[in-house]
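Chemist: I grabbed these lines from TrEMBL:
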TRANSMEM  33-56  transmembrane segment
TRANSMEM  77-99  transmembrane segment
TRANSMEM  119-140  transmembrane segment
TRANSMEM  199-219  transmembrane segment
TRANSMEM  246-267  transmembrane segment
């Protein structure tokens, strides 16, 4: 902290960006808005294409019924987690300066709750992300339909032996970790205080995705991204994927809500500031 010109009260060494208007129709007239939508679509398209292809490739090389199968081959769960985390790192790095690099409706929803994106942008981002996910998985199926259908299409489903409540809890906590990391990695206060420790924001975000996948792949296949789960379910089209679909929307959206509240109102003292502002206004 530094002092102001009078030397009496401390001044912040960082600046919080102003809250975005809830509705901002003017965005619809800007090319930068549509460029951001394209970036979100392409990023989610590439994300699903690479990751689902990795999942199916692993299952096909380790299938006991397949010819020349190698049970010790393939990338394993560790490699699948790296594929998801690594792609998020790459794609957030590539698109952060254009669209913010959300690539996930839960992330967009959390940032909307924190008033960092408008309602219009949030809705359009989610639409672009879901369409990108569907197209990305569709391309994987187009490459080899038989392998795609045989190995589950990369669809998120609740694993046998786990209750729906367990699956929902895993999705809530996993998404909380991701969205909390997004808020922390992009926090202007952290950037100012830790300027002597340069941290590339996409790196911790990618690692968060990696770590969550390691923990929850055995439970739900790891959603934490409604677009990822929807895209796989739409193209795969099996009943089980659709029966469990609500888990992969409710869980991530609840997790994102908790993360936004925790970061904005607890860690950043938003509730305290709001209460102080209310008290001062009542004494005017």
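Here the Cβ of each residue, glycine as well, is placed from N, Cα and C on the backbone.
What TrEMBL says about a protein is an automatic prediction, not a curated fact.
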Chemist: Give the one range among 77-99, 119-140, 199-219, 246-267 whose Cβ atoms make the most pairs under 8 Å with those of the transmembrane segment (33-56).
Modeler: 119-140
Chemist: Check the transmembrane segment (77-99) against the transmembrane segment (199-219) for contact, please; criterion is three or more CB pairs under 8 Å, pairs 6 or more apart in sequence.
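Modeler: Between the transmembrane segment (77-99) and the transmembrane segment (199-219), contact is present.
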Chemist: So which residues does the transmembrane segment (119-140) touch in its own chain, when a touch means Cβ under 8 Å and the partner is 6 or more beyond its ends?
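Modeler: For the transmembrane segment (119-140), the list is 20, 22-25, 27-28, 33, 36-38, 40-49, 52-53, 56, 99, 102-105, 108-109, 111-112, 148, 153-154, 226-228, 230-232, 234-236.
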